[in-house]
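S.K.: Encoded as structure tokens, here's the structure I'll be asking about.
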Amino acid sequence: MNYNPLHLLPLPPTALDPKPIPTSLTLDPFSDVLWVGASSGIVSALCSPLTLARNVHFPAHGCKIGGGGFSAQGVSAVREVRVTDRDVWTLTEGGIGGRKRGGAPKWIVSDVTRSLRTMSPNPTNSHELITGGSGSLLLANTARGEVVRSIENSSPVVKLAPLHRTVLAAGLSGQVTVLDPRTGFKAAQNISPVQAHTGGLSGADVQGNIVATWGWTHMQGHPLPDPLIRLYDVRALRPLPPISFSSGPAFVLLHPSSSSHIVVSSQQGMLQTIDMSLGPSATVFQQLDVSSYITSMALSSRGDYLAFGDGDGQLHVWTTNETGENAAVDENGSIVLPPFNGYDGVKPEWPDQVDPLPTIAWEESTPLNLVGMPYYNEALLSQFPSECYATSTSPLFNPPATIPQPVLSSMKMVDFVGYAPNPKELRGKRYVLRAVPGAEGRARGKGRRDSGPRFRSEKDKKGTYKDKEEIEEELNDGEVPKYYRKVEIKYSKFGIEDFDFEFYNRTNYSGLETDILNSYTNSLLQALHYTLPLRAIATAHICVDCKKEHCLLCEAGFLFRMLEDAKGRNCQASNFSRAFSATSQAYALGLMDENTNSKSTAPYGSLIQNFNRWLLSTFSTESIVDGETFHLRPFPQKTSGLDGLSMNDGPSAIDQVLGVKIKTTNTCRHCGFVSSRDSTLHVVDLVYPKKMNPRLSFSDILRSSLIRDSTTKAICSSCKAFAPLDSRRSLSPSSGHPLPPVLSVNAMVTNSDVYGFWKDKKDVKEKDGVRRFLPKRVTIREVGKLENGQEEGVKYSIRSMVVQIQESPDAVAHLVSFVKMPSKDGSSAWIMFNDFLVRPVSEDEVLSFPDQWKVPAVIILERENAEELLNLEVLPKELDREILFKDVSIAWNRKQDMIKHKILQREEMPKRGTLVAIDAEFVALQQEEMEFRSDGTKNILRPSHMSLARVSVLRGEGEMEGKPFIDDYIHTSEAVVDYLTEFSGIKAGDLDPNNSPHTLVPLKVAYKKLRLLVDLGCIFVGHGLSKDFRTINIFVPPEQVMDTVLIYTLPGSQRKLSLRFLAWYLLHQDIQTNSHDSIEDAHFALLLCKLWMDYASESEEAFEIVMEDIFAEGKKLAFKPPSSAGNMMAEQQLSPVSFPPLSNGDQTVARAVVKSRMATPPPPTKLGLPQWASQNSPSPLRR
């Protein structure tokens, strides 16, 4: 295998190094790129073996050249370059750094000792990198950009290389060792180190299971280059036959694709290509064209390219491919060579080409806005704040009133200025000039529409906004009120917690957020929630043993319970949306909202009506569990079950509330055969006459939609002829209750002609001069009463309504619901739900349809005697407590040693006030969407979609205090885009029933356990619980939450302390060193809570002093535990009171000051909790 010269390229000089030399070369196995690290600290990417065009050029971290956030720490050569499929890692003696392939920096880690020489990725953790040199080995976290552990090493390290599950370490002393990450990178117990070279080791290379080393030997007490290349099998470091190289090896490269080939070079450029399988006869000798010495060498992934650098600053590229007369050429006669990485992998990414400036034909009629805006970094004059010019006296927004005629008649002009006396009839207080009411408000409203919604961070110290803008505004005729417009959640730098939902909702009724998939269902869910019989069935359904994983009725029951408990706080239907999205039938019916664009003009009115029809039918099916359902009305039944359930002889519970009993009679015109069948309608679709009749009322159209005649052609079941069939649909007389307590109606307004029935009409006979189509009450007469001519019938009143809002045909459409809230005194108030905007409205406004911007979609009617017809007392009110005593898992391969919890005993049943510690871990189902502005700032459009992956709940009291009784991993069938292993500890396969070794349960099972603990009145202890509960999609009353994030804070400070910092400072424990563990986090949150309770029971002043000391120390350490703390913890077993002093003198003094002010807690008990946490002293919160 001969290599032929292809390129000779000198490295460009720099200001700090006029003659840089190549010190590290890497031929990219993933892309057609040669990475060159130079003695100047510059890293360059050269693309294509034919051109070596420069693609990327940046300084490595640790060199003196700054930029991109990299510090200047002295001139340092690039010692190693490693490439992954996404990133580029560089190493100098001063530190390591990671960048994207395009050169953008991602992380840096500095070494103050400036002793680094080599690095290797951790084969068991993709976020960790181990480096070494003359000092200790450092384990760096590439996600956080910090050293997480320091590992003592007896000898300087020359080379680190990743193996299958271990790391190879070649020491300067000549010893080769295999390090095991599972034991803290100590020497592997089953593989003994070997002494490869007696005089020291120069380097090593690894490919597959083969290790090649070269170095020095001793002869008569003097070091000489060892002529033997040592080979070892890495599986046991078993020596293989060595290879002789008399010139003294300086670089040895194992062929990546052929394990029998080795490329060896001496310092002077003597090159040998050795085939170990064929022996010395197959060895190829070549002399590299260098006049000095070889400084670096690299081999491509296929072995067909060889790159090396020399001491004169030249970069050489040789190849085994033909480059002479026999070389392959293209149609233009140019030589064709394969890429550096072969024909696999990805193409190098080049920067976007700058678009040429457009040519403008400049004429007198050319508008000035054809000239684009330049990039700017300060406010433009056009951003002049409105409050500076749109004041109450501004002539721009407050045009002057017309001057009265008496003033004009007596006015005299002097130098273009008019003067006139004020007549007596225009004098008095009522003629004093005043500001036009609402003018300044209109200006602010216009500005607010451009600037976005409210954030809590915009409030002043008094908790109010600087201006007094309200959602209400003055309107012109035909203008859509502001509170009807589509609302969106915006994200500030503080996240979703900074968004002020209270600005949009000042009622006791909770709204629903919009940033979830299929959020168009929010309006109907609100309408169904305030339909009390349906709410009662849904909340009772969660109390039975429903085994369907994605049960919409269960999720609706959980959502309705959350809306009940929240009492005005914002909620989200994320779990309902997740179950809905997992339903294949909904996909087939086209019920999914595929329009993720916020400017979509989708017809949501039609979509919500189809969803209403399908959802109620699904509810009806799901309300029957194991053949049993609730009997709320008197129906014949044979056998009664337990807890209000009975055998399914009659209709389902949903049918009893919403089902319309219909009888359809078909008569064949050909043979006269009559057939009939009974069915149940859950939704009535309104059918309008072809010609508009202004005399028709809503009751007439509803009656004609229930009882109607039609003609169709079909095959007669009697005569088998394809003949016309006369079909008549009517209320079933055989059913005792043809009309249900609740009637769901789809408006079916599909065009402007149909909307003509609904549009308000002027009528002087009405009080306000407007006749509305939708009445407050509707009367429907049943079949028997119709035949007898009686006027009485079933009376319904409107309970709720869903309408579509669309300001214009090309505007964004969305849905709004109106709900009539009953009260104990008999009065009722109407509430509008525009997602998370909730406000009261008048009944006339609800029933009014002034124009096509407001179109009805779903109307829910409730019988005025519904409470008398339904016996809701048979419904269960409490969840089954047995779920806390069952050990449920759907994992096929659960391992006993992975079970870390012990389920509750019956005598441990929690009660009101019982302390439990909780923590949860999550995975990402969808990455966040954001936009980057030209000034470098970013705006989050949609946050990442997180899903519960693990939840752990620990006992907070009793003999087994601190022991988990829930440790459930959550089965996730959706595609996971990021397991967030570093932060969650969740790995691929942990959430799969076929592969998970843990306790794996469906989301609904874990949710039921948490829901039961909330209902029992438990007090939840944890750190950052608001985010956890939000993602779990459960509302816990504030009086049942003890969040250490809120406990350990200073009044008026925005800083939230991390659990790791608090545990390090107060409990003297270093946690979360490798990844997060929910049991560990919950345990330490419980310890911190108990510590706070201990301080609070003694003196509030003592706790305030401790908090001041914590923040003072945190400012010195950037609120991060020193990395040295982890090293000290690993060296010795410490109790909370034996924490050693830190190396820094100031930190030692600060620690001593804090200790002097703190009451030192006693040593830990056998359960790991301090004795003060085990005492039966009453909690200060329970007092």
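Cβ coordinates come from backbone N, Cα and C, glycine included.
Sharing the record's features from Swiss-Prot:
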type	residues	note
BINDING	D919, E921, D1028, D1081	divalent metal cation binding site
COMPBIAS	448-469	compositional bias 'Basic and acidic residues'
DOMAIN	916-1085	domain 'Exonuclease'
REGION	331-478	region 'Linker'
REPEAT	289-328	repeat 'WD 2'
S.K.: Against which stretches of its own chain does the repeat 'WD 2' (289-328) lie, if we need a Cβ under 8 Å and a gap of at least six residues from its ends?
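M.R.: Non-local partners: 1-11, 19-27, 29, 34, 36-37, 49, 52, 250-251, 253, 255-258, 261, 263, 265-269, 335-338, 340-342.
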S.K.: Just to be sure I understand the packing, how many Cβ atoms besides its own are within 10 Å of the Cβ of D919 (divalent metal cation binding site)?
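M.R.: D919 (divalent metal cation binding site) is surrounded by 28 other Cβ atoms within 10 Å.
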S.K.: Can you give me the same-chain residues 6 or more apart in sequence from D1081 (divalent metal cation binding site) with a CB-CB distance under 8 Å?
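M.R.: Result: D919, G1022, H1023, L1059, I1071, Q1072.
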S.K.: Starting from each candidate's C-beta and looking 10 angstroms out, tell me which of the binding-site residues E921, D1028 has the most other C-beta atoms.
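M.R.: Highest number of other Cβ atoms within 10 Å: E921.
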S.K.: Going by DSSP, give the three-state secondary structure for D1081 (divalent metal cation binding site).
M.R.: helix
S.K.: Excluding D919, E921, D1028, D1081, please set out which residues of the same chain place their CB within 8 Å of the center of the CB atoms of the divalent metal cation site, keeping sequence order.
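M.R.: Going along the sequence, the neighbours appear as I918, A920, R950, V951, S952, G1022, H1023, G1024, H1076, S1078, A1082.
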